[in-house]
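A.B. asks: My structure is below; once you've seen it, I'll send some questions.
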């Protein structure tokens with residue numbers, strides 16, 4: 001496709017390359033802990049930021065990018081042109097997966113039927129591109145937040161007719177994901193939250209959300225979509241409070257509706273920091289609670305209080321995240337989707353590649369660092385030793401219920417001595433970690 | 001006692017009083033919605049900030065207050081002197097309740113037995129003061145965070161021997177609360193969290209915390225402590241991440257251990273804001289999830305990223321919080337504990353009264369505003385109308401499971417028309433609210 | 001004009017009115033401290049949020065409002081239609097002033113000349129409306145941030161040709177403001193800042209900004225624009241770091257270019273909180289430094305890290321801000337501009353009125369509270385007493401330079417006694433304040 | 001000294017060492033860009049966190065460290081014991097410099113004279129240790145915030161007698177710094193700020209602060225202290241608002257008192273982030289404004305809203321900071337002081353070394369990365385090209401004042417064409433940077 005015609009496919013050129021359009025670390029066939037880099041990282045590019053966004057922001061409605069398909073008169077022709085560029089991009093970049101919303105790939109129609117028809121037609125187009133290129137879908141999802149009808153939420157809307165409009169979209173998006181052999185289906189909160197408590201009935205809205213999710217889970221089984229549904233936690237933006245605030249909140253919600261075995265989480269770095277957590281906190285929480293699914297890879301700006309969706313570029317931070325995932329066995333159906341966008345000043349076509357290359361190289365380097373951490377084993381040993389008492393008699397007895405509170409208190413009274421604390425060795429572990437960066 | 005001897009009991013003098021040592025709004029026998037103000041608000045003063053804290057902060061170790069009992073050589077004599085002042089204060093202020101940690105009222109001993117012995121002796125002293133004055137305990141709790149042995153947590157400590165030390169303290173503090181007829185028992189996270197993930201096994205620590213809480217619940221039943229156990233959510237401080245991050249997180253934790261019927265939450269305004277929530281958000285979330293218990297009343301400073309524990313002084317904000325509680329039926333075993341401290345520059349004895357008077361007047365005024373809001377009914381009506389569709393056929397059918405996703409999608413396709421959104425009327429409701437302030 | 005035809009002019013109906021389309025507190029002719037309310041508050045409505053914004057946000061490009069002029073094919077016809085509605089709105093609301101950007105009132109043309117021509121034509125239209133209605137301009141400004149050419153800044157752009165484009169716009173906007181008898185001219189940072197330091201030469205950019213401001217000041221004198229130029233501080237958004245971060249930063253910048261007598265500040269509540277300050281902090285800082293000009297009245301959401309530009313609704317907070325301004329003598333050329341927007345869910349035409357009515361009533365009430373605070377004088381007296389030592393001998397001698405450091409140290413050594421601190425009485429003053437709310 | 005007797009002097013062992021008590025990157029004699037690492041980095045250890053702090057925090061008054069000198073009965077004996085350990089530590093660690101407050105090295109006495117006497121005696125002790133070991137003082141300062149007399153500020157205190165107490169301390173601390181050949185003198189805000197505006201006269205307080213600083217500058221010249229006075233910006237903590245909020249605020253303050261040539265800034269990483277800036281922002285701002293002095297090297301925790309003073313451990317972030325400093329010529333009188341503390345759980349004596357070793361290795365690595373960035377020159381070239389227009393005719397003419405606003409506007413009108421923006425290339429520069437990490 002002409003838009004990217006000056007860009008050659010991106011190759012791995014090794015650490016010493018100074019070519020900005022080459023990988024220096026991502027060498028997809030390199031084996032790391034017994035698996036190819038590509039199979040570990042399962043990279044996906046996203047449709048929305050990369051092909052739909054025109055560079056607009058709150059202070060610049062008209063955008064800055066001026067991609068050709070942003071100005072085409074016929075929306076379906078624009079959709080096809082966009083798809084062609086997208087697959088050209090995916091292939092040249094060398095990511096195995098992509099992710100999309102229904103409205104990213106096919107324009108909203110004048111009626112529900114026309115919207116469905118357009119989506120189905122574009123799914124055929126995408127299917128052909130997939131056939132031709134070998135690209136795969138990491139996950140699909142439905143955009144339930146851009147249209148004004150969803151201004152007060154979709155599943156959590158005060159009007160059940162809008163819930164019903166959302167049901168149509170999700171049903172179709174799930175069917176499309178199935179048809180395109182997507183490996184997961186994502187539900188991101190969109191406007192499921194509130195702008196102000198003062199006009200909101202939280203009890204009703206949460207019940208609606210629970211009902212909607214249950215219906216989606218049931219539909220997944222019905223159509224045989226194999227991968228999990230993933231909820232993507234985010235604390236705020238667009239609404240002041242989003243119900244899927246963070247991983248722990250989503251877990252409580254899933255427990256309430258008995259869906260904690262059916263649904264997992266898609267964790268985004270920038271959403272984690274907006275919720276007051278580190279990225280690795282959210283990852284480890286999800287792993288601990290058994291709901292870890294996939295990652296939206298990006299970074300925020302810690303000086304800005306909104307979702308900046310920048311490409312990850314901090315190597316040690318990314319390495320820590322990767323380490324915790326690898327230590328827990330790595331991805332299964334999930335992967336590493338770049339929910340990241342080039343800055344609105346990065347208006348050159350090549351900037352789209354440069355942003356992704358940077359992110360992929362950082363992730364590849366993080367993987368190699370994590371490999372060394374695991375091979376060294378120093379961290380795992382230190383943590384195991386720190387908690388060793390819980391594998392000894394007293395620890396086991398406590399967990400086995402051999403003491404009630406009074407009995408354990410009596411044991412302490414009988415011993416009648418204080419217990420000396422031991423150093424937490426935080427700095428020693430931080431220095432150990434830096435040995436591998 | 002002598003420390004407060006210049007202060008006369010605080011009286012209600014009405015709105016026009018200019019006496020800084022009088023109530024202008026808190027008129028305890030005034031009936032609001034069928035109940036006395038005192039019975040609605042169930043005020044408690046806290047032992048720790050008011051009598052134990054010497055005004056120290058991170059940049060001023062030696063404090064600023066110089067209360068007489070802070071400098072007594074014999075710790076038990078100091079404890080008795082402090083108790084005497086405390087009850088003098090409670091009486092003069094006219095709060096019906098107080099709250100305490102074990103270590104607030106009795107000093108740590110050289111051995112576990114001495115600590116237990118000291119606590120039991122002081123419980124007798126407190127009991128006598130209660131007998132004499134009619135004061136009641138809103139809740140008791142155990143300080144599992146000040147002593148260096150708890151530097152890495154109590155229940156979540158890597159060493160089970162420290163878990164056992166904590167068990168003794170909690171058992172004794174629960175027994176003390178029972179003996180003093182306390183109406184609730186609080187578990188605040190203290191150092192149950194982590195300073196750094198890198199030395200932490202979150203899975204183990206959460207399992208330990210679950211075990212500990214289960215043991216406490218069992219002990220509560222065993223000793224016949226009637227009120228609920230209350231967990232107090234807080235996101236960070238003293239640790240970087242506290243496991244009881246916010247109400248939603250606590251709910252998920254309770255569900256995981258099947259304790260959501262046994263344990264409720266004690267919500268603190270300043271903890272809410274540190275977690276990125278409004279106070280009323282946390283209240284409404286707890287009410288929605290069925291775990292609302294009690295309040296720690298204070299305010300933070302939105303420009304400061306730590307727990308400032310100031311007395312509440314914003315009337316409309318407090319009124320909103322009160323409204324949601326009243327609307328849901330008000331407190332049962334809970335109440336309104338001032339977990340608030342005068343500023344470290346407020347070194348006069350009278351400042352202790354002035355701080356509490358301000359907070360109590362604000363709460364009283366909030367109650368009167370909430371009464372008017374409920375009597376007007378405008379908000380309740382507006383919200384009911386907004387969600388009316390959910391009480392009509394389609395809404396009921398959706399909740400009743402009459403549609404699966406495909407059927408509901410088909411209904412939308414069949415109708416084939418868009419749905420117009422309706423104004424959320426946020427500003428109208430905000431203006432309505434200001435009519436009552 | 002038909003869009004607002006169902007809305008009657010807004011009247012003052014008094015505190016007991018339940019009419020959502022009436023003032024309950026803003027009674028423009030009521031005299032407060034010797035001046036009419038209208039003359040104290042000098043309210044302005046803004047063109048951009050109220051008439052230009054279509055309700056779009058980052059997650060909803062197409063907006064939610066669907067005002068008729070948003071969809072007109074001919075941009076100049078739309079501009080005239082918008083102007084007609086705007087003046088209808090101003091009159092019915094009863095604000096004496098409005099504020100505008102050049103691009104709010106006249107659409108960008110295909111060439112610089114066409115843009116200038118369109119602006120001049122629309123200035124004539126506005127002039128006629130002003131003539132007809134008596135409306136006045138509080139301030140005008142130029143939009144140097146929406147067009148993609150300004151994506152890297154205007155005055156601080158790396159390309160001097162874009163600086164020159166900005167010069168044309170500012171020159172024309174100043175001329176327009178003069179022609180429409182505007183009482184101030186505002187320069188808001190727009191994209192004068194950086195997205196990333198890594199591509200930025202801060203030294204050059206600050207020098208460019210200084211040059212630009214100097215040229216604007218010179219032009220002001222040249223054309224006889226009488227009121228001051230006002231810089232509007234904002235810390236971030238749209239750029240990660242805006243050079244006009246806060247009042248103190250702007251002051252340093254003005255001092256560096258010797259413009260502190262020529263330029264004042266337009267302080268926005270929500271910008272203050274984004275910079276980590278309270279609104280009253282920024283006001284008092286500007287008053288202290290002698291650069292207080294005008295206010296952009298709104299509120300942020302303390303749980304959200306971006307500029308929400310909501311209508312003010314917290315009465316005590318607004319009262320404090322008003323008190324500090326009144327205490328310092330009130331506004332001169334400045335006023336109270338509602339840089340505030342109804343929520344994107346508030347799609348009814350009447351919501352535009354309701355938002356402004358709420359804000360105006362809150363400001364009126366704040367004024368009345370401030371009046372009582374000033375009449376009581378308790379705060380002013382307490383502060384004067386607190387610092388009384390500085391009006392006594394030692395304080396005067398220190399300021400008069402009677403001691404150098406060594407001499408003052410020697411005096412302390414000679415006295416050889418400690419100095420006892422006195423209570424800061426924060427709670428007492430907070431309670432005093434609440435007497436007037 | 002016995003406390004550290006088990007620790008051998010720390011040696012450079014190279015990148016492959018696994019010894020936690022060795023440097024892997026800090027090789028003090030290695031030449032980087034023509035200068036020894038030690039001469040570039042000018043490391044200092046601080047007295048307060050390392051030797052004075054006992055591990056206490058707001059929730060644990062008694063601390064966790066239990067260093068022997070924390071429990072000695074005679075304060076001067078404790079001070080001498082502490083000094084001995086301190087110099088043993090400095091020597092074994094291999095830092096050339098240390099920093100101190102007056103009260104860190106000598107205890108407050110019962111009277112001003114006793115305090116002075118104690119300080120002078122301890123200065124002699126420190127002088128002997130310096131003589132013996134070759135250690136040097138990077139900077140000294142006075143603690144004007146811990147004693148309760150300073151609870152409402154020192155120079156900004158409402159009571160001039162407390163200003164006078166502060167004058168004695170600063171005079172003596174400056175004399176001590178001179179006597180010990182300190183290379184800078186630091187003034188950190190301490191409690192120079194306010195807890196609440198409501199009891200504060202900002203105008204008076206800023207004037208007092210200006211007077212105090214002017215007196216200190218004069219004294220510096222009088223006693224021949226050669227290095228600069230450094231103000232250390234911090235936005236809040238201990239007070240809600242500190243007057244020395246950030247670098248830009250300090251610059252404005254210095255300009256107001258004409259001290260911008262006399263006084264520079266000591267920038268702390270964690271203070272920068274608390275003020276809403278990146279560390280490199282504050283560094284580049286100070287370099288741009290000509291007031292860059294020295295660094296307090298540490299890191300905060302972006303999830304915590306207070307000063308955590310952790311050792312730096314993020315290599316790329318530190319490298320960026322180092323690059324900007326090196327690019328501007330490196331330190332002159334300033335250096336790199338670790339205003340950092342081991343976590344309160346890091347209770348082992350060796351943890352003090354491990355924390356510093358980690359920080360020094362990170363800084364050394366950052367220096368080596370910065371060296372490569374400078375040698376490559378890619379960043380400097382890209383930035384120069386981006387602004388090239390400002391070195392061409394139009395740019396020069398604008399700065400030279402060849403155009404007034406109207407003339408430049410006319411030039412734009414005459415050309416009558418738009419200007420196309422160019423990509424900001426943020427991602428390309430970020431990827432370039434990562435080549436050197």
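Quick reminder: no glycine exception, Cβ is built from N, Cα and C everywhere.
Annotations in TrEMBL come from automatic prediction, not curation.
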A.B. asks: Same Mg(2+) 1 site as D:232, D:268, D:339 according to TrEMBL: which of D:246, D:296, D:361?
C.D. replies: D:296
A.B. asks: Nearest to residue D:309 (Mg(2+) 2 binding site) by Cα distance: which of the recorded positions D:101, D:104, D:232, D:296, D:339 is it?
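C.D. replies: Given the candidates D:101, D:104, D:232, D:296, D:339, the nearest one is D:339.
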A.B. asks: Given the Mg(2+) 2 site residues D:268, D:271, D:307, D:309, which other residues of that chain have a Cβ within 8 Å of the mean position of their Cβ atoms, reported in sequence order?
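C.D. replies: After dropping the recorded site residues, what remains is D:234, D:269, D:270, D:274, D:296, D:298, D:300, D:308, D:339.
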A.B. asks: Between residue D:296 (Mg(2+) 1 binding site) and residue D:271 (Mg(2+) 2 binding site), how far is it from one CA atom to the other, in Å?
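C.D. replies: So the alpha carbons of residue D:296 (Mg(2+) 1 binding site) and residue D:271 (Mg(2+) 2 binding site) sit roughly 9 Å from each other.
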A.B. asks: What count of other C-beta atoms do you get within 10 angstroms of the C-beta of residue D:268 (Mg(2+) 1 binding site), across all chains shown?
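C.D. replies: The answer is 28 other Cβ atoms.
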A.B. asks: In sequence order, which same-chain residues at least six apart have a C-beta under 8 angstroms from residue D:271 (Mg(2+) 2 binding site)?
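C.D. replies: In sequence order, D:232, D:233, D:234, D:235, D:246, D:282, D:296, D:307 meet the Cβ cut-off.
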A.B. asks: For residue D:104 (active site), which residues in the same chain are close in space, meaning a Cβ under 8 Å from its Cβ, but six or more apart along the sequence?
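C.D. replies: Residue D:104 (active site) has long-range Cβ partners D:47, D:48, D:51, D:52, D:143.
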A.B. asks: Looking only at Cβ atoms, how many others are within 10 Å of the one on residue D:296 (Mg(2+) 1 binding site)?
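C.D. replies: There are 25 of them.
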A.B. asks: Between the Cα atoms of residue D:268 (Mg(2+) 1 binding site) and residue D:101 (active site), find the distance and write it as a whole number of Å.
C.D. replies: 16
A.B. asks: Please report the distance from the Cα of residue D:339 (Mg(2+) 1 binding site) to the Cα of residue D:101 (active site), rounded to the nearest angstrom.
C.D. replies: 12
A.B. asks: Write out, in the order they occur in the sequence, the residues of the chain not among D:232, D:268, D:296, D:339 that have a C-beta within 8 Å of the mean position of the C-beta atoms of the recorded Mg(2+) 1 site.
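C.D. replies: So the additional residues around the site are D:188, D:234, D:266, D:267, D:269, D:270, D:271, D:295, D:297, D:298, D:337.
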A.B. asks: Far apart in sequence but close in space: which same-chain residues, 6 or more away, have a Cβ under 8 Å from residue D:101 (active site)?
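C.D. replies: Those within reach of residue D:101 (active site), by Cβ under 8 Å and sequence separation of 6 or more, are D:47, D:48, D:140, D:141, D:142, D:143, D:173.
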A.B. asks: How many other Cβ atoms sit within 10 Å of the Cβ of residue D:339 (Mg(2+) 1 binding site)?
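C.D. replies: I count 23 other Cβ atoms within 10 Å of it.
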A.B. asks: What kind of secondary structure is residue D:271 (Mg(2+) 2 binding site) part of, going by DSSP in three states?
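C.D. replies: Once the DSSP labels are grouped into three classes, residue D:271 (Mg(2+) 2 binding site) ends up as helix.
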A.B. asks: For residue D:104 (active site), what is the secondary structure state per DSSP, taken as helix, strand or coil?
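C.D. replies: Residue D:104 (active site) sits in a helix per DSSP.
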